[in-house]
Amino acid sequence: MSVISQRVHLVLLAAWTILWFAVVQPHGGFSWHYLRTGGELLYAGPSRPDGGLNLYAHHPELQMGPVSFLAAGLFNPFPDAVGQFLAAGVMSLLGLLILVVAGRSAAWHFLGTGTNHQRLRQRVLIAGLAFIPMWIEVAVRFGHLDDVLALFFTALAVHALTRGNAAATGIFLALAMDSKPTALAFLPLLLALPRRQWLRAGLWCAALVALAWLPFLLGAPQSFAAAEFTIPNQPASALRWLGVDDPRTPAWDRPAQAAVGLALGCVAVWRGRWPAVVLLGANARIALDPSVYTYYTASVLLGTLLWDVIGQRRLVPWWSWIGLITLYGTVFVVPDDATRGLIRLAFAVTSTAYVLFWPVRDRRRRHVLSRGRRGEPIRPSGSAVVQEVHRPVRPHPHDRRPRVDDLGAGDQRDSQRAGG
């Protein structure tokens, strides 16, 4: 692939986003009314018996977090159609920002390893072309602001993690859970920090989760009923292949989703593969959830994006495209419900096994170890924090060499050899 500048990279991704937005938006907003209603109730406060802190007690069907309703309420002053359009536009923009954040996270993760910045940028571009259609699905077609915010804050948490900022990592993970409770499965990202930072990150995370949810649980104890809300067990769900034929969500299902996602994420961190945490949490959801809405795939595609640009070093981000084709493409070409359920389960199992156990070439670790043999510090192999083996410096105004803060990064020797 030819050399792509930062500007061209962003223009291509923006054009791809605008194209998908234009195609989907006229028929979008399928679930936006849930967010709009929740926002109205939350901002109404005690003036309505089912508003304010009584929201979840009276409306258990509103399965979004309070941060999502606070954000959705900002669009309530507009007419319904205008508010939905503006919200869809803002949510689409957040998808582009996620791609920028993912690229910068990868740049920091590989800082000082000789990673070629052009290859990294190309990897983000190719993965982004797969990510955007599913992002438009969740943001525009369904209008699920809760999923959008949860995934956006998770991407910010990953960036903070690669920068070694424990407080920000905990804060952003808390905001993700305050937007959508299913983001709990991404909590093992905290363990990718150096052990001495676990307490600080955990305290920030726990404090903000408590701040968002405790007022509802203490002010209206009936809010706990929202956790018991059930949905139909669809014929195309992977649960059917696991022998679960209950007509609605089994009582054990949501705790099992969280437990499996957390356990897999912890194993990934333990094996030094923390970039797989989001994919593993999303896999637990699609394998165990009784519903099969296509917007669920957006969380999987964020997981494959992070794995493809941070967790491995191949130029072609295969898992992003495999995820798009198997989980979204088959919806249109495979008519049989049971077969689609089997495909979902097969993807979850196969991708989970791959990111946990398939050998991955880790030049970053070898580079740091070689420096350690010369008497320089070595960081734990499972840690996401970048040691300052190359401290960023302010470039000269006329210096045109690649910079670390581009979407891709690497030391200048490799960049120059690659013609970057």
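Glycine is no exception: its Cβ is also placed from the backbone N, Cα and C atoms.
Remember, TrEMBL labels are computer predictions, not curated facts.
Per TrEMBL, the stretch carrying the note transmembrane segment among 274-292, 293-311 is 293-311. Among residues of the same chain six or more beyond the transmembrane segment (318-335), those with a C-beta under 8 A of the stretch's C-beta atoms are 126-127, 130-131, 133-134, 137, 279, 286, 294, 297, 300-301, 304-305, 307-308, 343-344, 346-347, 351, 354-355. Long-range Cβ contacts of the transmembrane segment (148-177) within its own chain (Cβ-Cβ under 8 Å, at least 6 residues beyond either end) map to 65, 67-68, 71, 91, 94-95, 97-98, 101-102, 104-106, 108-109, 138-139, 183-184, 186-187, 189-190, 192-194, 197-198, 200-209, 212, 274-275, 278, 298-299, 302, 306, 310, 384-386.
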